[in-house]
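Peer 1: Mind having a look at this structure? Questions to follow.
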Amino acid sequence: MKTTTVACAVAGLLFSCVSGAPDPVHVEIQQRALPNAPDGYTPSTVGCPASRPTIRSAASLSPNETSWLETRRGKTTSAMKDFFNHVKIQDFDAAGYIDRHSSNSSDLPNIGIAVSGGGYRALMNGAGAIKAFDSRTPNSTSAGQLGGLLQSATYLSGLSGGSWLVGSIYINNFTTISALQTHQKGTVWQFQNSIFEGPDGGSIQILDSATYYRDISNAVSGKSDAGYPTSITDYWGRALSYQMINATNGGPSYTWSSIALTDAFQKAEMPMPLVVADGRYPGELLISSNATVYEFNPWEFGTFDPTVFGFAPLEYLGTKFNGGSVPSNESCVRGFDNVGFVMGTSSTLFNQFLLQINSTALPDWLKSVFTDILKDIGENDEDIAQYAPNPFYHFSNTTNPSAAELELDLVDGGEDLQNIPLHPLIQPERHVDVIFAVDSSADTTYSWPNGTALVATYERSLNSSGIANGTSFPAIPDQNTFVNKGLNTRPTFFGCNSSNTTGPSPLIVYLPNYPYTAYSNFSTFQPDYTEQERDSTILNGYDVVTMGNSTRDGNWSTCVGCAILSRSLERTNTNVPEICKQCFQRYCWDGSLNSTTPAGYEPVTILDSAASGIIPSISTVAMAVVFAAWTIF
């Protein structure tokens, strides 16, 4: 997530709200990802396989991804036919179109979904979007609904808070959002128990918290004692895991690479999950548009950027690669790619949560315990994740700024302002046609998005340094235009006319956070949420992507179908249906600008009234007063 007005954001820690939402369906979560790390959170030395791991060039997709895509295409083809059985396009048989072109998969739509950063706000708003897109959600396949879009997608990417959502879904059985919205104590997504408190274990909370801190400390100490550098990101990642993966012990043995070993993923029954982080070069403090953008997929860790242009086998992170191979006198390492550490890496800005321990209401003795845990961690390492040994050591020596470094430093995936994880989805090798970009960024004074993330990705594509490596992205207007023209108040399509882009580029369906039934603009740094706040924010996220169950536009689901088909219709030289032309007229950015400074952006709910995360009318002075009172307390 991005760094914006931290003082104001921290002040927002105080604001909570009570808002109504239907009870989620209670579904038992069954763990599917494999707890396959040899020694819990501690990376372990193992024998290398007969074919020793190597770093490969990013000139193509990996053989694993290529093979998986062949299987996934069959699943998405079937899912799209189901989707278009309830998403109707007037005077056009969309399901029949998919069926007629199913023998040539390159003709068919290729869909990506990207969930932005923004802390718990992004997780919950993004969860509402995924809930709306999931055909397993009750009533999501009714008229005007978008259920089945998730099943039709090839890729699902997350960044920072969005990575918590993606990780939580995939490690918990590619489960439904309804199942994660449990009301049972001691389970996942119990955000009323903050990171500082830990899960409710059924005892006195102080005792539960003491056990929680001790277990986190022991896990990180095990990694440190094994010779691996640790930072606050390790503690942050372990704490996250209790909320996102396993409330009992935080799932210390679950790895990101284990997703690729599960039967359901090998059968391509779900989209491919991708998590994004930024590289921080030696001696660098600020992350620029030239930063290398790394991805974690189920098989690999690496980047398409020309600086490194390589991928390492994820399962063997922690192994001492040198020049792209493992020296004959070195063993391999497994267990470094802990799920919590991966999610923590993508959200290192939230290390600030842990640094606020003295401002919490926890007993002094617990504060002292946790302060002792953190005392040996230098201030300069507060916001990084340390990947040592550096997998790209002496790899791409002429272009890789970290090639001579024994340690690779990674930071929050939104620190370069690209707060929507579009980077993996716009790579030409992946041939994505349309990206549904869910934006929960806190760009404005009151924590609403204004298109900054899209602007950053567009500007990067034009960067004269060549960091974009030939990737193309649709033209995006400036942030003032977003606000002045209301492009951040409703869905907007970018890249509708593919002939206007410099190269193959997906159509972007921009889905900005907006108050339909709840003020979902919570401060990025608010650490806890009532169950009502959680559920109402998820419900609002559902409304964001369905436009209030199509109440703002009765043809919205049809227009989504048109966006999905757009690039495919071009490839097959199929006439665009008249209703789709009307959709594009309504939702495509027309290229006009209004860059004058806008008035303050304070949207209000447009359906049922609700309480808010940050009340639009509250003044900055009032926020400062409350913040001062909180710090004194």
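Quick reminder: no glycine exception, Cβ is built from N, Cα and C everywhere.
Found this in Swiss-Prot, in case it helps:
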type	residues	note
DOMAIN	47-594	domain 'PLA2c'
CARBOHYD	Asn104	N-linked glycosylation site
CARBOHYD	Asn173	N-linked glycosylation site
CARBOHYD	Asn246	N-linked glycosylation site
CARBOHYD	Asn329	N-linked glycosylation site
CARBOHYD	Asn358	N-linked glycosylation site
CARBOHYD	Asn450	N-linked glycosylation site
CARBOHYD	Asn463	N-linked glycosylation site
CARBOHYD	Asn469	N-linked glycosylation site
CARBOHYD	Asn497	N-linked glycosylation site
CARBOHYD	Asn500	N-linked glycosylation site
CARBOHYD	Asn549	N-linked glycosylation site
CARBOHYD	Asn594	N-linked glycosylation site
LIPID	Ser609	GPI-like-anchor amidated serine
SIGNAL	1-20	signal peptide
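Could you give the neighbours, burial and distances for every feature on this list?
Peer 2: Asn104 (N-linked glycosylation site): 10 other CB atoms within 10 A of its CB, across all protein chains.
Counting every protein chain shown, the number of other Cβ atoms lying within 10 Å of the Cβ of Asn173 (N-linked glycosylation site) is 17.
In the three-state DSSP scheme, Asn246 (N-linked glycosylation site) falls into the coil class.
DSSP assigns Asn329 (N-linked glycosylation site) to coil in the three-state reduction, outside any helix or strand. Within its own chain, Asn329 (N-linked glycosylation site) has no residue 6 or more apart in sequence whose C-beta sits under 8 angstroms from its own.
Mapped onto three states, the DSSP output places Asn450 (N-linked glycosylation site) in coil.
If you take the C-beta of Asn463 (N-linked glycosylation site) and look for same-chain residues 6 or more apart in sequence within under 8 angstroms, you find Ser289, Asn290. According to DSSP, Asn463 (N-linked glycosylation site) is assigned to coil rather than to any helix or strand.
There are 15 other Cβ atoms within 10 Å of the Cβ belonging to Asn469 (N-linked glycosylation site). Under DSSP, Asn469 (N-linked glycosylation site) is assigned to coil, being neither helix nor strand in the three-state scheme.
Remark: Asn497 (N-linked glycosylation site) has Cys588 as non-local neighbours, by Cβ distance under 8 Å and separation of at least 6 in sequence.
Cβ contacts within 10 Å of Asn500 (N-linked glycosylation site), excluding its own Cβ and spanning all protein chains shown: 11. A helical conformation is recorded for Asn500 (N-linked glycosylation site) in the three-state DSSP classification.
In the three-state DSSP scheme, Asn549 (N-linked glycosylation site) is classed as helix. The Cβ of Asn549 (N-linked glycosylation site) has 19 other Cβ atoms within 10 Å, all protein chains considered.
The Cβ neighbour count for Asn594 (N-linked glycosylation site), using a 10 Å radius and every protein chain shown, is 13.
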Peer 1: Using a 10 Å cut-off, grab the number of neighbouring Cβ atoms around the Cβ of Asn246 (N-linked glycosylation site), all chains included.
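Peer 2: Taking all protein chains shown, Asn246 (N-linked glycosylation site) has 23 Cβ neighbours within 10 Å.
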Peer 1: Using only C-alpha positions, which one of Asn104, Asn450, Asn549 is spatially nearest Asn594 (N-linked glycosylation site)? These are the glycosylation sites in the record.
Peer 2: Asn450
Peer 1: Provide the number of Cβ atoms within 10 Å of the Cβ of Asn450 (N-linked glycosylation site), excluding the reference atom itself.
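Peer 2: A 10 Å sphere around the Cβ of Asn450 (N-linked glycosylation site) contains 23 other Cβ atoms.
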